[in-house]
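A short worksheet on the structure shown next.
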Amino acid sequence: MQKREVFGFRKSKVAKTLCGAVLGAALIAIADQQVLADEVTETNSTANVAVTTTGNPATNLPEAQGEATEAASQSQAQAGSKDGALPVEVSADDLNKAVTDAKAAGVNVVQDQTSDKGTATTAAENAQKQAEIKSDYAKQAEEIKKTTEAYKKEVEAHQAETDKINAENKAAEDKYQEDLKAHQAEVEKINTANATAKAEYEAKLAQYQKDLAAVQKANEDSQLDYQNKLSAYQAELARVQKANAEAKEAYEKAVKENTAKNAALQAENEAIKQRNETAKANYDAAMKQYEADLAAIKKAKEDNDADYQAKLAAYQAELARVQKANADAKAAYEKAVEENTAKNTAIQAENEAIKQRNETAKATYEAAVKQYEADLAAVKQANATNEADYQAKLAAYQTELARVQKANADAKATYEKAVEDNKAKNAALQAENEEIKQRNAAAKTDYEAKLAKYEADLAKYKKDFAAYTAALAEAESKKKQDGYLSEPRSQSLNFKSEPNAIRTIDSSVHQYGQQELDALVKSWGISPTNPDRKKSTAYSYFNAINSNNTYAKLVLEKDKPVDVTYTGLKNSSFNGKKISKVVYTYTLKETGFNDGTKMTMFASSDPTVTAWYNDYFTSTNINVKVKFYDEEGQLMNLTGGLVNFSSLNRGNGSGAIDKDAIESVRNFNGRYIPISGSSIKIHENNSAYADSSNAEKSRGARWDTSEWDTTSSPNNWYGAIVGEITQSEISFNMASSKSGNIWFAFNSNINAIGVPTKPVAPTAPTQPMYETEKPLEPAPVVPTYENEPTPPVKTPDQPEPSKPEEPTYETEKPLEPAPVAPTYENEPTPPVKIPDQPEPSKPEEPTYETEKPLEPAPVAPTYENEPTPPVKTPDQPEPSKPEEPTYDPLPTPPLAPTPKQLPTPPVVPTVHFHYSSLLAQPQINKEIKNEDGVDIDRTLVAKQSIVKFELKTEALTAGRPKTTSFVLVDPLPTGYKFDLDATKAASTGFDTTYDEASHTVTFKATDETLATYNADLTKPVETLHPTVVGRVLNDGATYTNNFTLTVNDAYGIKSNVVRVTTPGKPNDPDNPNNNYIKPTKVNKNKEGLNIDGKEVLAGSTNYYELTWDLDQYKGDKSSKEAIQNGFYYVDDYPEEALDVRPDLVKVADEKGNQVSGVSVQQYDSLEAAPKKVQDLLKKANITVKGAFQLFSADNPEEFYKQYVSTGTSLVITDPMTVKSEFGKTGGKYENKAYQIDFGNGYATEVVVNNVPKITPKKDVTVSLDPTSENLDGQTVQLYQTFNYRLIGGLIPQNHSEELEDYSFVDDYDQAGDQYTGNYKTFSSLNLTMKDGSVIKAGTDLTSQTTAETDATNGIVTVRFKEDFLQKISLDSPFQAETYLQMRRIAIGTFENTYVNTVNKVAYASNTVRTTTPIPRTPDKPTPIPTPKPKDPDKPETPKEPKVPSPKVEDPSAPIPVSVGKELTTLPKTGTNDATYMPYLGLAALVGFLGLGLAKRKED
């Protein structure tokens, strides 16, 4: 800070921080203070805060707004406060001229004490007071002018008489002076002439003597020098002449030899040049001919190569064709010969075998017929006896079987119930054990963390304790030195600053408003207009405090205690134990003001700043009791803690009232510890104060107040004493006399030097007691079931002997004819390449001879010059000696005259004048705007919006002092991204700096701006205002801000607080609509039921419902630039599982009204999207996995007006169909969406569904028993009746859609199988219906199906009725199986696959394969008539298809065998009862409905 201007007023409590600024300019809103009665400490803060998140799934910028910086918190807590003021100079030109004229006229002018006009806080008040001062100045000037004029007349008369006498005296004096002047001139003339002559003579004599000595010395030196030079010259001359002669002789010899050598070399070089020219001419001619020949040969070679390559390509193509044709013909012929030979060999062998078989068959047949007739009669008798015995055993078996099955079922039911009960109990125990594990783990983790912290704290404690012990020892050794405690102590109390404390005062205590208290005090006679100077001055002191609205304004009544409670303390502790509350009890004990019953007091919002009170230049004594409480609300005993009683002034009172003001602490119930060298002493009643003035050296003080009474002074201990607490309740009186205003701060900031803080030993954590897990219940014992009785085994009937049939004799086959040999093509003749011409030989360039260089000419020698002979300098002549002159005598001087006495002058009058002092406090205002310049205070704007803070100051008043500095400091809110370049551009006229550590921007007016402000100080001047530019970055954040203006380091003021909020803040008291921005995504079926997490069948449609969450934007005032970032909704759908249905997309508002102006675009990937879309998603930090849809507002501004700013959320219905092929693999698919507002992304939850894999199965059985043998891959006899078992795919429980279709489609091979028209359909598992009823597994569901048969193509389709399927609960699984009865009608191997359709999606089963061999004695089949189709609800008993045995009475009747031939008739589908169900079957299906399966039908 610069040194502030001092205007000559006392250092009051209000003005201490200004080092003597004008009375009343008080710093009221104080930040971090020490426990001085009236000082302020500057505090630095940083913006480094822990990063946390908002809890909202924001895709970009998810961090929550950090805690406000300390600087910002303190600044806003002191909003509106003022520190100091600017002096206003009212023109006193007329008064000054009158004073100057009076002084010039000789009037005695006395300047009286300046009149204090107080502080103007408004422009109107300022103007009024300036007018009053001008009027006062004019009145004074007029009175001074009158006195001056009268005095001037008296002076004129006196001057006339004086002038007359002075003239006479002057005439006599002039004559004397004239004579004296002539005398002095003559004396001076003579003296000058004599002195000149003497000086000239002495100078000439001195110069003569000097010149004579110099000449004599020079002549001697010259003679010696000449002799030396002459000797040297003669020696050098002889040496040079000899050297030059030798050099000349050597040079002439070398020139002669060089000339001879160069003549021989030049002749030889001329011959070499001629030979080289001839060789080059020959080489150039040969090279030219070579190049021509080479070009011709290369052209011929290129033409020959091209022609050969063309012929070669044609030859190779033709050769390849001929070779392939011949090879194909040869291979075909050789194969035909081989096959023909093999066939004929086989036919010949077979024909030979046929002959042998025919002969053998005839002989065997004749013998068998005879034996058959004898065996038949015996078999029939044995079979009748066996049947009667079997029926009796069967009845007994069935009775016993029923009993055993019931007993076992009862035992099983009891056991299963016990198992379920046991599972339930153990599940509960396991859940409880899991919680115990988690609690134990949490306890362990917490203990380990506390233990680690304890160990770290212990190490720090030991280190701190060692430093503390050393500091205490040092304090002991220096206790008698100035500034140290006379009894060394350590500090265990930390009670220094609590700016965020919550102050409460009982409602029974009246808290005054500013104007209300002002009126009350004025009623007491304390008024600016009171002619009693003491009371008018007291008012200015009172008004300086009362104008600050951060204090609680109270009136204390004598002996009536008032409690002021502070809670929510954050920074205070005693011996490491946190202090959460402090209670001050104030009681007025006595006052010398008025009737002694009341006094004003002001309680600070910070308990460490404490309070101001008044004494109105009388005396006041207030008792203060202080109690501290811990976090449990228990009263704390702070015995041993130290408190600071400082800035206890004496002798610095108002010069206008009484300078001997005194501040003291009295009746302290603790113990004082004096500071060595301090002015504060202990007195009776345990009081402490200074015995004499500690304000001025001239009055005995060690220092002036300004040298010790500041927070930064190293001597501030001079006015302090330390109190040691000895009781739970601290009590003392704060007392004053003639002080006006008194600020008393109670805290632990000790002014003494070297008071260490005693470290607190950490407490070791207690190891937790872990819970023991509970044992599980033992499983119930499995019951022992009775074995079912063994069913009787019927002795098989003896088969009737087969009647032999006369064999059909085979016919021999003819041989195959031999194949014809092929005719082969001749291969083409290959082309012959013409040989290339050889290239000519290239001539070789000759090797040229090199001419020999000439010998260089010898260098001519450089001859040395002969030396110049020395010349002797002639001797100088000696000078002539001067003669001394003769001097003139001096004349006699004239006599001086006696002057007449002057008259007595008139008495000088005395006039008095005074100036008036006026202070001004210019007002400031902070405005907050968006990029469009719209005021957004107390409103909402979107995250990432540009927010501008305008720092405005009202016009500077006329009469102001020269503005030397004009500084605005703005501690920015956290989460506000400051743009330095934009701020500088918007803040012309200021030098802008930014401190990143404290997140503070400072504007200093430039020299040019200050020059504008100072151009005419007599007129008001409008100020420039800087603008802070930046962006708000956080969701759900509140950005509050104010700034501080400091002018000339003499006046400071903190502005109002502005506020703006971003959406996404739940429970926002300022914006009731504000809450998390949480778009949602829900999957629904077509009925609108939520199907998130459910099983979704392939082919089903997901009706995704996307909520565009906009309600928290209601009242938003974002700028046009922010709006142009647009509004979008992104659906990142799984394209591998779903197909979008853009034709079904709908957008509606919350009331269901359709919304226009929103478009949707689908992109296969991020890479396929336009660059603009890629940039949009990147900025919003959205990464899509593949294909995605982008919904966008066509006109962002209209969309903003209609939906965003009104807080109207939208609902997008976005249907998507599950791909059919996804059901064949099954699996999970996920879907996630994002909302993008103003460029900010917000994610929905992930919606997860699963598509079940439908795996139908096909078996071949001979009964309806599911456990019967599967004949897949085995043999089925010709004409055997069997079943194709079609097991449908499993539809899991908790599926999303009702079943509309569940069918079995079997495209059987009609060449080998014949459908009998009989089928049965059963439930494969328990089914739960919508009405709560249950259909048990194994229930016959045939009546709930319909069947269709396509006899021509061999297709049977069994469908469940839709009304039955829709009765099944969505929570129930579903699976069914159908048995199709078939009859094998042909020999061979037959494959079959069927298709299970679920909601129109087809799924192929496995393929079954059965083989029918040629029977040894096949029966002749009887064709089965085709029945008419029947309603399955009205079953009809069909005729049993018969497979007759050979008849005895017709032994010669042959039965033809059909090998792989289709029957000419096929029965139509019908429904049969269970009589013939063991023989149901279904033909194999391959390749139905485009499934790509290979169906083989043999004709």
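Each Cβ is built from the backbone N, Cα and C atoms, and glycine gets one as well.
The compositional bias 'Basic and acidic residues' annotation in Swiss-Prot covers 694-705, 800-815, 839-854, 1428-1450. Per Swiss-Prot, compositional bias 'Pro residues' is recorded for 789-799, 828-838, 867-877, 888-907. Annotated pentaglycyl murein peptidoglycan amidated threonine per Swiss-Prot: Thr1469, in sequence order. Here Swiss-Prot flags 50-84, 689-709, 763-907, 1409-1472 as region 'Disordered'. As annotated by Swiss-Prot, repeat 'Ag I/II A 4' applies to 384-465. According to Swiss-Prot, the feature motif 'LPXTG sorting signal' maps to 1466-1470.
Panel annotation: around the compositional bias 'Pro residues' (789-799), residues 379, 382-383, 386-387, 389-390, 393-394, 396-397, 400-401, 404 of the same chain, lying at least six beyond its termini, place a Cβ under 8 Å from a Cβ of the stretch.
Across the motif 'LPXTG sorting signal' (1466-1470), the prediction's mean pLDDT works out to 37.
With DSSP classes pooled into helix, strand and coil, the tally for the region 'Disordered' (50-84) is 8 helix, 6 strand, 21 coil. Mapped onto DSSP classes, the compositional bias 'Pro residues' (888-907) shows 0 helix, 0 strand, 20 coil. Across the compositional bias 'Basic and acidic residues' (694-705), DSSP classifies residues as 4 helix, 0 strand, 8 coil. According to DSSP, the secondary structure content of the compositional bias 'Pro residues' (867-877) in residues is 0 helix, 0 strand, 11 coil.
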